[in-house]
Amino acid sequence: MNAILVDRSAGNLGHNALARHHYTQLARAFRPAHRLRFDGGELGSNIETEDDRGSFDTAPSSCSSNGRDLWAHQAGVNALALERFDGRILISGGSDATIRIWDLEQAADPSDHTFRPVAEIIRAGSSAATIGPFRRQQHQQPATQAQTSRASPGHRFGVTHLSFYPFDSAAFLSSSFDQTLKLWATDSARLSGSFELGSKVYSHAISPVADHLLVACATQHPAVRLVDLRSGAAVQSLVAPGQVAGAVLSVAWSPRSEHILASGAVDGTVRIWDIRRASGLVSLLDHEDSLGLTHRENGEPRQSSYRASAKAHTGPVNGLTWTSDGSYLVSAGHDRRIRVWDMATGANTLVSFGPSVRNSGLSSIPMFVSPTGMTPPREELLFWPNESEIIVFRLHDGSVVTRLRGMGPSQFAVRMAESTPAPSTTPPLSSRSPSRPPPSNPRPAVVADRSSARRNRVTSLVWRGAGGLGSETGGVVMGGRDAMGGIYSGHLDGQIRAWTPQVATSTTGEDEDELADNDADAAPQAVEERQRKRRALDQAYRSLMGTQITFR
C-alpha cells in the first residue's frame, strides 16, 4: 500500500487504479456485522450458544436489546432483492409467502441498528393487515377493520425469487411456488399485475439493458416462458429441439445484448437463446469444449455449431450469472462444479474451484460476481453461498480469497426446542448458593450445536456498493446517507445478515483481529485444539529458554 501511495504522489498511478486497489482490499475484509439486525416482528425463544468453558452466552446476532429474538421471516428467507440506483430499498421474500420492504437508510447509527419493514405484503387469504406500514408486532396496536377486511393479493405459497425493475426502482417482481409472477408498486406495496404460468416458478429475470419488457421465467415446464409486461401475456415459449421433459431452474439475460438469454435446466444443459430467431436456440455450452468458436486464417469465424448432446454439467444447473461487462458467464450445478465460460467463443475456461463447493436443492443459487470496474482486469471476485458459509473466489483462477463465517445459531435449534419440553435450569437446593436467586426467565433456551448450524443455509445474497449498484466502480464503502455498503444475505433460519468490510489500523491489530475471527468462526473443538497447540509451543519455548545448554 505504501508503494502505491508513493506512485500516486509521484503521478505514476491514476486515481482509478488506486480506487480499484482500495476496493479490492475492502472486498477481502468482510466480517459479519452482528449489530445490524432485521426484525420482522415475530416472537420466539432465546437462542444461546455454549462455549468451550461450559458457560452460555446469548448470540448477539439474533437478539434485540430487550432479549427478544429477531427474525426477518421466521419460516425462512427465500429471496432478497436490492434496488440498484441508490441501494436503499431491500426486499425480502419468505417461505411463508410474505414479502417485506426494508429501508436501509433509516438507521441513525449505520453500525448498530435494528431494521423494521416499512411495508409488508402478507400471504393470500390471511386476515391480518395486508398492505402498508409495519404493524405485525404483537406489542403494537392491532390493525384497523378497514385493513383486515381487505383481501390480500399476495402469494399463496413460498416466494422463490425477487427482482427490481432495472430502469426504475418504483416497481419490483416476485415469483412463487403458487405458479404466478406478480408485479408490485414499491412505494405503496400494491399489486400492479399478476401472471398465471401454470407451473412452479423457480426464478425469473428481466434484461438490464433491453427496451422490451420481457420477463424470462424458469419453471417446472421444460420451456422458458417469456412474459410481456406491456401486454400482460406469456408471448413466447423457448423450446429446444427434442426437449420434451425436465424443468428449467435458472435464467439470466446478457448485460451486453438485449436479445441474448441463458438458461440452465435439470438435465445439465446451459442453452443460449436469441429471442429474435424463430427457433431461438443459438448454442449449447459443452464442458468438454475448451476451444469454442474458432476462426479461419483470414480472421473470419467458422460456422457456429454445437453437439445436440452437449452438457455444461453432469447434474441439474441451478445457478447462472454474467459478469457485468457480459464477457463471461458463470454456471453452477449439482455436480459440485462451478464453470466459467468465455462468451466470445463459448469455450469452457477450465477454471477449477476445488472440492469445497457445495450445491443441492432446486432453488436458484444466488451467486454474483463483483463489478468489473471495481477490481483490476481479470481479478473479479465470485461470491458463492456455500451452504452455511459464503466463499469468495477469484473468478479466473478459482483460488479462495476468504470465507465468511460466524453466522450464529440456527433457526432449526429454536424449532426443536419449541417442540420439546425444555429441561429445568434451576439447580438443586443442596447446590444452590443462598446469595444467588434461581433464574427467572420462563422462556426455553436453545443450545445451537454443529448439527443445527448445518441447517443455517444461505438462500439469497445481494451486493450493495457505494451509492448502490448504478456505478461500475461502486465499491464496498459507505453507500447512501445512513446505510453501510457491503453484502446482505438471507438464511434458512429466517434471518437477514449484513457483512461489512473491516480493515485494521495496524499490523498487530490486524493479526489479533484475524485470530479472533478465526476463533469465533471455528467449532469449539477446533478452537480448543488450536489453543492447546499454542500452549504446547509456548511451554516448549520457555523450557528451551530457561535451560542452559553447554557444548563439549
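Positions of Cβ are set from backbone N, Cα and C atoms, glycine also.
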Tell me which range among 301-329, 504-532 TrEMBL lists as region 'Disordered'. 504-532
Beyond the flanks of the repeat 'WD' (310-351) by at least 6 residues, Cβ under 8 Å: 202, 249-257, 262-270, 272, 283-294, 304, 357-365, 367-369, 371-373, 380, 382, 384, 393, 395-398, 472
When DSSP states are grouped into helix, strand and coil, how many residues of the repeat 'WD' (248-283) land in each? 0 helix, 20 strand, 16 coil
